[in-house]
Amino acid sequence: MTRKWILQRTPNKCLCYKFDSCFPLAQNGNRRQSRLSYFLCSLALRRRPPRHPGGGTALPRNEASPASSPPLAVAPPVQLTYGTNSLRRFLYGELGTKTRDDISSALVSWLSKPETERERRGKKKGDNFQDIRPRSAQRIHKVRSAASMRPAHPTHTRLRKVSKHVFFYRLPKQHFNSFPTQQQIPLQPRLSQAMYSDLLISATQSQSLLHGKEVHSHITKQCFVPCLFLQNTILNMYCKCKEMVLAQRLFDTLPRRDSVSWNSLISGYFQVGLCCKSLDVFCKARGTGAKLDRFTYASALNVCSRTEDLKTGKVIHAMILVNGSRHVFLTNSLIDMYSKCGKIGEARLVFASSTQVDDVSWNSLISAYVRIGWDEETLRTFAQIHRLGIQMNPFALGSVLKSCSNISNAVELGKMIHGCITKVGLDSNVFLGSALIDLYSKNGLLDEALEVFKSLSDPNVVVFNSMIAGFSRSEMDRDKVEVEAVRLFSEMLRRGIRPSKFTLSGMVKACSLIADFEVGRQIHGQILKNSLQYDEFIGSALIEMYTDSGSIEDGFKCFNSVPKQDIVTWTSMISGCVRTEQFERALRLFHDLLSNGIKPDHFTLSCLMSVCANLAVARSGEQIQCYAVKAGFSWFAVMNNSQIFMYARSGNIDAAKTTFQEMENRDVVSWSAMISSHAQHGCATDALMLFKEMEDCPIVPNHVTFLGVLSACSHGGLVEEGLRYYESMKIDYNLDPNARHCSCIVDLLGRAGRLVDAEKFILDSGFHDDHALWMALLGSCRIHKHIAMATSAAKRIMELDPHSSSPYVILYNMYLDSGRKFFAMKTRNLMKERGVKKEPGLSWIEIGASVHSFVAGDNSHPESPAIYEKLEEMLSKIKKIVPNNQCEAFVNHHSEKLAVAFGMMHLPALAPICVMKNLRVCMDCHTSMKMFSMSEKREIVLRDPFRFHHFRDGCCSCGDYW
């Protein structure tokens with residue numbers, strides 16, 4: 001941006017100066033003064049049009065003089081001397097350290113003051129003075145004739161300042177010739193190398209490419225021959241301003257180049273991201289035989305670090321050894337290069353073989369350990385540094401705190417390092433403060449994190465982000481999380497700190513955690529106000545929040561509003577469809593992802609494995625597993641865990657066992673998934689044996705693990721073992737049981753016939769308002785035909801969950817089985833009055849690449865006649881086996897029977913028939929499946945929402961205990 005002096009006509013035809021101020025002022029007053037001084041210097045370098053000997057101003061050649069004026073002659077300019085030191089004294093002495101308004105006023109008064117009598121007497125006829133205005137302002141407009149000009153006097157001059165423009169109204173034209181004569185400016189001033197260098201350095205520091213170009217232009221116009229130092233300064237200015245085209249052009253015209261020239265060009269290409277071009281310049285420097293210094297090699301090593309080009313980095317390392325450069329500066333660059341290329345061994349070797357290391361070397365080594373996750377080695381190095389008395393910078397201490405978060409005794413070590421930080425006086429550093437907050441909040445010490453937050457006098461947005469993220473991860477009371485997170489966010493806005501995308505995404509995650517979606521929508525409004533709705537990071541958080549609330553359509557709106565949909569955004573949307581049980585839609589999204597050319601990661605494939613598990617489509621799950629193997633994701637624990645879950649939910653427990661045994665990095669999720677799989681398939685003994693093996697490993701069981709153990713005891717009828725594990729969970733592992741654990745105990749006691757104990761346990765558990773416990777008791781009452789307690793439990797369920805049809809259906813069937821048709825019809829009418837609808841029974845089976853679904857009495861399938869014919873054939877075989885008084889139980893055409901008949905028609909003789917059902921299997925169909933397995937000599941696997949039933953040779957894996 002520039003400043004212009006323009007001589008123009010005003011509406012009342014009076015001459016005026018217009019001072020156009022387009023120069024950006026810096027925050028620093030000294031820099032502002034230096035820039036204005038530079039501006040005046042640039043004005044002083046411009047020519048002024050010659051004056052007429054009679055006192056008038058010469059007109060341009062293309063303009064005619066007024067009719068009343070005689071022809072004017074143009075006198076040749078007179079060369080006057082004006083030294084550089086005098087110019088500097090004038091710039092700094094005339095203006096001083098005044099404010100911007102004072103400087104403008106001083107400039108106005110200087111330009112408008114009339115000549116003194118001494119100056120008039122000292123002038124000779126024909127003398128000319130140099131104009132300080134730019135050439136664009138040296139246009140002189142026609143003025144009115146002398147007769148029509150109003151007599152002017154210096155006292156009639158009126159000055160007026162409007163906005164950033166300074167106007168001179170009614171200024172006599174002779175005043176334009178009254179510039180100072182004591183400081184006369186030459187036609188071609190000779191500035192020194194130092195002054196040019198100062199101006200270029202100022203332009204470089206302020207990143208002002210325009211001002212740098214002006215200085216370079218003046219050097220060229222004045223035919224000034226710069227030295228190599230000044231040429232390198234110009235080159236560095238272009239490189240720092242990221243104008244690499246002009247930098248390369250200037251570099252090519254340099255008659256002589258030294259190491260500074262090459263270093264500037266290499267560093268410039270590196271700063272703009274052209275790493276390959278930077279290495280090409282380095283190779284050219286080597287080819288020309290230029291003498292390279294340590295800064296040249298360090299710049300080349302930085303390029304190798306960014307591109308992770310280990311081969312080129314080793315070549316440069318060899319050049320350093322050949323040239324004998326042993327400077328510690330290069331040692332630090334080598335350590336950084338090897339660590340970023342993943343070669344920590346070579347980085348340690350460079351550090352160990354170096355004869356001189358400084359604090360930067362130690363800090364670089366610590367950063368290398370943190371980058372690859374060597375937490376214990378990081379702490380050992382930190383202890384060694386502390387013993388040697390080497391000072392560490394805040395960034396290295398922050399890296400050490402990050403390592404503490406990933407080890408077992410993180411809190412104790414973190415507090416020790418916190419003490420060291422306080423001793424060296426860095427406890428008020430915001431970078432270390434955010435690291436300490438992150439450390440304490442990750443380990444559940446929110447009170448300590450709040451104390452660190454309050455101790456910071458001027459927290460920035462990063463500190464607020466760490467504190468809000470700590471509350472988002474907290475397991476404290478939801479109301480407290482909401483109050484504290486919203487309070488922090490409000491305080492941040494009151495302080496005038498603009499929230500970043502990490503702040504808003506943390507708030508969205510906090511709202512999703514506490515299920516307060518009304519506050520989440522308000523945060524969404526803040527996101528729209530700050531124009532951050534197009535960020536993929538925030539878009540993923542919004543998708544997760546809306547899908548957790550069940551609003552899948554709002555989630556899709558957020559997904560479609562993100563212009564750059566990366567793999568994280570796609571994974572969030574697929575995961576949202578899984579959470580809302582829209583599994584087919586999740587598969588369609590995966591196909592769209594592949595069609596857009598986006599490669600899924602292991603988290604995406606894990607979500608798709610869950611889809612296949614819930615749909616029980618093993619063939620699709622096997623295809624996803626093959627894709628994971630080809631993509632190199634098969635060794636990830638999250639993929640193996642999803643694979644176990646998929647095979648187990650699809651009825652193939654043997655494949656789940658094989659996957660578990662082949663895993664090398666088993667975690668608590670792997671053990672929990674395998675124990676739960678055995679429990680669902682009725683293998684209670686195998687599940688408990690796995691739990692004992694887990695106890696021998698250094699892996700601590702969690703709530704999900706004990707849920708699988710209690711489910712196995714419940715399905716296997718192991719009452720004493722189940723009660724013992726329930727107590728061990730509370731005493732030995734300090735885990736608080738939730739409603740699902742208590743539901744397993746109720747089911748365990750109720751199936752064993754201890755209905756009174758089960759009801760007493762519900763009332764004493766603290767979860768007596770949870771309908772899942774009463775449903776477990778109602779199921780047990782159905783098995784043992786205890787109608788009185790079933791009626792009480794059903795009424796309690798109707799109060800807690802009025803829209804559930806299960807209590808009505810179970811009570812209706814119990815009344816019918818006991819011969820109480822009146823109460824059965826009364827229950828049915830009550831269900832109709834309350835508008836409760838029974839969920840229709842649905843069964844499906846996968847044949848090849850297709851999934852076929854059936855409902856009771858279904859005739860919509862294209863092969864319905866053949867299916868019913870096959871079913872009648874199977875039922876006729878059963879009737880020959882069972883007594884005649886039991887044949888009436890096999891007459892119904894429930895959905896699972898139709899699916900089994902269809903599987904018998906299309907699957908090979910040795911292939912098991914796997915059928916999935918959305919409701920609990922009834923007693924009649926359970927008996928029919930046992931008979932089918934015996935008469936057809938086929939294995940039948942039936943999955944309902946609670947467990948798997950494996951029918952072989954007339955027997956079921958549940959032992960008729962489900």
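Each residue, glycine too, has its Cβ placed from N, Cα and C.
Database features, via TrEMBL:
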COMPBIAS  64-76  compositional bias 'Low complexity'
DOMAIN    882-962  domain 'DYW'
REGION    50-76  region 'Disordered'
REPEAT    258-292  repeat 'PPR'
REPEAT    358-392  repeat 'PPR'
REPEAT    460-499  repeat 'PPR'
REPEAT    566-600  repeat 'PPR'
REPEAT    667-701  repeat 'PPR'
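Through the fold, the repeat 'PPR' (566-600) approaches residues 536-537, 539-540, 543-544, 546-548, 550, 552, 555-556, 559, 607-608, 610-611, 614-615, 620, 627, 631 of its own chain, all at least 6 residues removed from its boundaries and within a Cβ separation under 8 Å. Remote same-chain residues near the repeat 'PPR' (667-701) are listed as 637-638, 640-641, 644-645, 648-649, 653, 656-657, 660, 707-709, 711-713, 715-718, 721, 733, 946-950, 957-959 (criterion: CB distance under 8 Å, separation of at least six residues from the stretch ends). When the repeat 'PPR' (566-600) is classified with DSSP, helix, strand and coil residues number 26 helix, 0 strand, 9 coil. The repeat 'PPR' (358-392): residue composition by secondary structure is 28 helix, 0 strand, 7 coil, according to DSSP.
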